[in-house]
Amino acid sequence: MTPKFDIDYVLANITEDDKIALLSGSDFWHTHAIPKFNVPPIRTTDGPNGIRGTKFFAGVPAACLPCGTALGATWDRDLLHQAGVLLGKECLAKGAHCWLGPTINMQRSPLGGRGFESFAEDPHLSGIMAKSIILGCESTGVISTVKHYVGNDQEHERRAVDVLVTPRALREIYLRPFQIVARDAHPGALMTSYNKINGKHVVENPAMLDIVRKDWHWDPLIMSDWLGTYTTIDSLNAGLDLEMPGPTRYRGKYIESAMQARLIKQSTISKRARKVLEFVERASRAPVSADETGRDFPEDRALNRTLCANSIVLLKNDGNLLPIPKTVKKIALIGSHVKTPAISGGGSASLEPYYAVSLYDAVVEALPDAEILYEAGAYAHRMLPVIDRMLSNAVIHFYNEPPEKERTLLATEPVVNTAFQLMDYNAPGLNRALFWATLIGEFTPDVSGLWDFGLTVFGTATLFIDDEMVIDNATRQTRGTAFFGKGTVQEVGQKQLTAGQTYKIRIEFGSANTSPMKAIGVVHFGGGAAHLGACLHMDPEQMVANAVRVAAEADYTIVCTGLNRDWESEGFDRPDMDLPPGIDALISSVLDVAADRTVIVNQSGTPVTMPWAHRARGIVQAWYGGNETGHGIADVLFGDVNPSGKLPLSWPADVRHNPTYLNNMSVGGRMLYGEDVYIGYRFYEKVGREVLFPFGHGLSYTTFHVSPEATVSPIVFSSDSPPTATVLVKNTGPMAGAQTLQLYIAAPNSATPRPVKELHGFTKVFLQSGEERSVSIHIDRYATSFWDEIEDMWKSEEGVYQVLIGTSSQEIVSRGEFRVEQTRYWRGV
């Protein structure tokens with residue numbers, strides 16, 4: 001148990017240097033300690049879908065939960081609370097007091113690189129999901145850090161871009177999830193975003209930080225994103241408590257100089273130090289492990305499997321193709337995702353998982369008597385798959401000198417694969433600013449033939465196989481998108497190899513500062529990184545032909561493909577909505593021979609184009625499903641779980657249909673949020689544009705009936721007695737299942753332009769076959785309100801409001817109405 005300390009006593013007795021030290025991290029993950037006064041260091045940890053601990057490189061394995069959009073697709077408060085509890089327990093096992101999550105930025109564009117981390121395109125759904133997972137996490141004693149406040153909705157030039165957004169859109173869309181969290185969850189910490197809002201970086205923007213503390217009366221610790229502090233004076237005076245990570249770049253001695261010039265008040269330093277101490281005192285109560293450990297328990301696996309299965313959205317099921325009967329004799333599994341599951345996106349979401357269940361293994365388990373045919377059909381990777389199971393006796397040696405000089409070995413680390421990220425790695429005597437490393441290992445291919453090798457690096461790297469240079473990614477480099485946008489493109493080499501023969505692999509690596517490449521708008525964490533991948537060289541046409549052959553002879557075919565961490569990651573945005581090259585052609589070719597018995601399973605965190613959707617009878621959206629990806633998908637495909645997921649974002653047929661199409665990247669250092677409040681379904685409905693699948697859509701293996709008239713009581717809205725909408729819902733189908741009833745509010749007679757309707761409530765109800773239940777959804781004052789830019793306040797406008805209850809944004813099944821008799825204004829939560 002950490003000894004307690006008295007905040008007032010500490011502040012009254014510590015030195016000025018101690019106060020200043022508290023205002024920045026001590027290293028990559030920890031706050032400063034003051035041992036003399038029993039003030040301990042607090043450990044923070046990523047990420048949005050699992051708890052990595054303190055090491056990007058050679059980290060302790062962890063539970064990997066489904067990605068943010070997957071969790072949002074459950075529309076299930078209770079499940080999100082349980083997910084939060086699991087994340088909290090994982091933090092405790094990693095010795096971490098503070099979880100750097102959840103992410104609640106908005107998916108204004110389907111191309112956003114971190115779109116998979118957030119819950120939804122709708123601010124109400126996003127806020128409620130965030131509230132639930134935060135309350136779960138903080139019930140364990142771990143502090144949650146909701147992020148990124150605000151406007152980090154795309155990755156392009158994220159540190160430099162000026163997001164130009166109207167006050168109304170800012171309040172109604174982008175701040176609203178944070179406001180819900182502030183009102184209902186009160187998490188202990190808030191992380192600022194990298195970007196500017198309307199001309200000034202959020203981290204040093206008093207108007208933005210005052211909204212949190214003055215408008216919402218929420219007083220969390222406010223920390224910067226990593227290397228997201230840009231000034232000393234402005235950030236401190238605006239209200240930034242903690243600069244992360246350490247060692248400091250803008251505080252320390254710079255604060256002393258600013259205080260001497262009376263540009264920062266002594267009272268400001270004391271105020272910020274008090275907030276850090278309040279955070280430390282609260283966080284230190286968490287019963288964290290002394291060491292970083294794992295906790296891979298059966299009940300956690302079961303929960304993760306439930307989360308994955310309940311997130312899966314049945315997009316299309318013509319002729320009840322699904323579920324596939326377990327009596328099937330021969331089934332074809334096609335797609336590179338079948339054996340290599342996409343369990344998470346990239347960037348801060350990256351971690352070393354306890355395990356990952358592939359769809360192939362799950363199908364073998366579910367169908368012990370079936371003949372299973374497998375073909376990759378087409379590769380979905382952007383970078384060649386990392387070498388792991390065919391690698392042995394691999395280590396990395398670290399030096400302060402390059403290979404051509406006499407050098408001293410400083411450290412040796414064992415590795416299990418050929419990818420490493422060294423941003424937070426250190427060793428005694430290592431010069432973090434400039435060092436070199438050599439990875440050596442033994443590679444034993446399982447197939448003879450010509451092998452492709454791909455090497456991507458942040459720094460410099462050269463690949464040797466049996467001392468023959470195969471790839472040079474050091475002398476000439478081309479910028480790519482890997483490693484938070486700092487890496488090179490993948491350089492490819494080839495070598496003829498024999499199955500079963502062992503080859504010596506050697507990578508000569510130079511740290512980040514050995515690279516001549518520089519970039520604007522990306523975060524330079526230092527250290528460097530490399531990714532070596534390999535696979536047997538294949539003829540794309542032959543791969544498709546092999547897939548078509550097995551599909552033609554199988555009773556059922558599952559094509560499982562999509563995106564992965566190569567395509568969706570922190571550090572870059574997608575250039576388009578397309579699936580990887582060759583995937584659409586593969587799917588179309590399979591449908592040519594087996595459309596009546598083929599189901600397409602897509603794994604992605606955000607929408608992809610589906611030019612073949614009209615031909616497919618069955619389409620399943622499986623997101624990034626975490627450790628239990630394969631089990632979760634199989635549970636739905638074979639009917640062990642009745643799908644209940646609903647899309648948390650609209651699915652456009654074409655990226656050009658999206659309202660952000662002309663404004664989704666930094667141009668001249670700024671990005672215009674020209675769609676204003678018309679994000680996602682709000683836009684598509686306002687302009688009457690069809691989508692491939694609407695917001696809130698998701699099918700079931702059973703059917704439901706909802707009473708067509710919603711009872712709304714009281715009929716007159718008042719702040720003392722807000723109305724509730726009640727309907728009867730009945731499971732009229734053959735099996736138990738869940739339906740999510742979505743409450744939308746329309747203000748058809750408003751004098752102010754408003755969306756056709758907006759989500760302001762939902763509930764998920766589980767019913768046995770034949771069961772009927774009365775379901776109520778509460779309506780709060782924000783359901784009738786918009787941000788009045790003239791008055792600079794919320795405005796609840798008098799008039800009649802329609803209550804529309806749907807099973808998606810386009811399937812309205814029940815209606816009612818109420819009225820507001822008097823216009824009201826207010827600020828706050």
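These residue numbers are counts, starting from 1, taken along the chain as shown.
Every residue, even glycine, has its Cβ placed from backbone N, Cα and C.
What Swiss-Prot records as N-linked glycosylation site, among Asn473, Asn513, is residue Asn473. Listed in sequence order, Arg108, Ser109, Leu111, Gly112, Gln154, His156, Asp573, Asn658, Met671 are the same-chain residues six or more apart from Asn664 (N-linked glycosylation site) with CB atoms under 8 A from its CB.
Asp225 (active site) has none of the glycosylation sites Asn13, Asn304, Asn473, Asn602, Asn627 nearby, counting only those with a Cα within 10 angstroms of its own Cα. Figure note: comparing Cβ neighbours within 10 Å for the glycosylation sites Asn13, Asn304, the maximum is reached by Asn304. The distance from the Cα of Asn304 (N-linked glycosylation site) to the Cα of Asn627 (N-linked glycosylation site) comes to 7 Å. Least crowded of the glycosylation sites (Asn602, Asn627), judged by neighbouring Cβ atoms within 10 Å of its own Cβ: Asn602.
Asp225 (active site) is surrounded by 24 other CB atoms, counting those within 10 A of its CB over all protein chains shown.
Summarising model confidence by region, the domain 'PA14' (389-548) averages a pLDDT of 94. DSSP assigns Asp225 (active site) to coil in the three-state reduction, placing it in neither a helix nor a strand. Long-range Cβ proximity for Asn473 (N-linked glycosylation site), meaning a same-chain Cβ under 8 A and a gap of 6 or more residues, is found for Leu455, Thr456, Val457, Thr460, Ala461, Thr462, Leu463, Thr488, Glu491.
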